[in-house]
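Below is one structure, written out as structure tokens; comments come after it.
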Amino acid sequence: MSIFIGGAWPYANGSLHLGHIASLLPGDILARYYRAKGENVLYVSGSDCNGTPIAIRAKQEGVTAKEIANKYHEEFERCFRNLGFTYDCYTRTDSEHHHETVQNVFLRLLEEGHIYKKTVEQAYCETCTQFLPDCYVEGVCPHCHEEARGDQCDACSAILDPLDLLEKKCKLCGSTPSIQETEHFYFALHTFQEQIKRAVEIAKQTGTWRDNAIQLTERYVKEGLLDRAVSRDLPIGVPIPVEGYEDKKIYVWIEAVTGYYSASKHWAEETGKDDREFWDGEAKTYYVHGKDNIPFHSVIWPAVLLGIGEGTIPRHIVSNEYLTVEKRKLSTSKNWAVWVPDILERYDPDSIRYFLIVNAPENRDTDFSWREFIYSHNSELLGAYGNFVNRTLKFIEKYYGGIMPKGSIDVELKDKIERLYKHVGEAIEQTKFKVALESIFDAVRFANKYFDERQPWKEREDDPVSCEETIYNCVYLIANFANLLEPFLPFSSERIRNTLSIVNRNWEPQHTLPSRIDSVQPLFERIDVKQIECELEKLYGAVK
């Protein structure tokens, strides 16, 4: 089976925060799992280097947009790598390859009659002497009356036109823009109304889209899909490939999602492999992002794919809700965030991954708390998982000189592990990652209870053969926990694999155990709870 996984493209205008990772982490879990199953996986993403936010940041810092994009693209690559993300292709939207692919898609839509020209009114700043891109216009949402940008309201998820905003102002200088006429290209989105409606109905029947994606898209369909501009007067981006319009750029909402397509083509060129199997309608596709990106993946991207004649549209939409920080809405402008480069300097990446999975905003907003983060590490990763691994392997090191005791796999334990693989695999495929991880840790707690009830420290003297059986089965459990947890906690799983000399990485029970165990090291270190206050002081002290 071919599996295509697309992770949303973060804007290269500032560091990643935990909200980004909470929404993107499911993609890596899926990729690792399906590779272990032996499926043909293509997992792609990249940095959005063309968006208006990059131009704004560059202007604020007095540097070029390219310098800003380069800085954060490199930082993103480093952060994703250090967190264990296994993208097959992580690229950027200002690459020549991406520009060519997007322009080809634009021309194909134009040829098929899905794009047309239209004279429209647009916000114009007399002070800045320029037409304002949608993100350059700020004001009040006409629907929920919260602060909003000209393209979308984050509060109610409404897709907006800048002219819809109340109390409009230029983001650059704060003045009230005038309204002037200009010509733009439009995408005939309304022509895909029935196909999008059918896609939502199928997703509802199969449960392959998150509830928030279904509800929001149903709302858009009920209101009637409106044609959207596909060109804008932007300072950076992909030029319109039509003579006389080269000074205009392809609007980022259609250009950025086409990044999945361009990344796929780039991967094919780089590897010499064929990517057609990921776009022929037979592939299982997953699109992973936050709920603010729902309309771009449930409406815009399917319409683009249908418009260019591709056989597949998003089958699974994994759209997480928001992550708050210490019960407050995350705000990059106010510096109320936990920044990824910062937290990676001091904490194990598996600790970060674990917390963001068991507290994932899968169906509702969830909160990142420094207290809960540190206590979950100490009680679950160290106290439950690390404790079971460490006391089992240390027992072998101390009483058997590192030689693996002889034994046979307990039939009941074998059955339990086989059922666990099936249950966890099904949960992952259904994008219920929290359920999957919690199921494994239920088994870890069972393993600790098994160790305590068998009392190998007493069996060693009273019944040495039973003691060997106990420890043998504990190692069997450890080997399989490492395999089951690899999609979630890859770094600690790798440490266990190295200790146990496990080569097989397939998604199946591990029955081959090592003959010898050397150099046993703690799987996790305890985090001093005093760090809670230190982190809170740092967080509150950095607020703008």
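Yeah, the Cβs are placed from backbone N, Cα and C, and that goes for glycine too.
Annotation comment: Swiss-Prot describes CYS141, CYS144, CYS153, CYS156 as Zn(2+) binding site, evidence class sequence analysis. Reduced to three states, the DSSP call for CYS156 (Zn(2+) binding site) is coil.
THR332 (ATP binding site) counts 14 other C-beta atoms within 10 Å of its own C-beta, drawing on all protein chains shown. According to Swiss-Prot, the ATP binding site annotation covers THR332, on the basis of sequence analysis.
Long-range Cβ contacts of the motif ''HIGH' region' (10-20) within its own chain (Cβ-Cβ under 8 Å, at least 6 residues beyond either end) map to 47-49, 51, 53-54, 56-57, 68-69, 71-73, 75-76, 79, 92, 290, 322-323, 325, 330, 332, 337-341, 343, 352, 356, 368. Among the features that Swiss-Prot reports, motif ''HIGH' region' is placed at 10-20.
Taken from Swiss-Prot, the feature motif ''KMSKS' region' applies to 329-333. For the motif ''KMSKS' region' (329-333), the model gives a mean pLDDT of 90.
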Residue, out of the binding-site residues CYS141, CYS144, CYS153, CYS156, whose Cβ gathers the largest set of other Cβ atoms within 10 Å:
CYS153
Tally of DSSP helical, extended and coil residues in the motif ''KMSKS' region' (329-333)
0 helix, 1 strand, 4 coil
Report the nearest neighbour of THR332 (ATP binding site) in space among the binding-site residues CYS144, CYS153, CYS156, comparing Cα positions.
CYS153
Apart from CYS141, CYS144, CYS153, CYS156, which residues in this chain have a Cβ no more than 8 Å from the mean position of the Cβ atoms of those residues at the Zn(2+) site?
PRO142, HIS143, HIS145, GLU146, ALA148, ASP154, ALA155, SER157, ALA158
CYS141 (Zn(2+) binding site) in three-state DSSP notation
coil
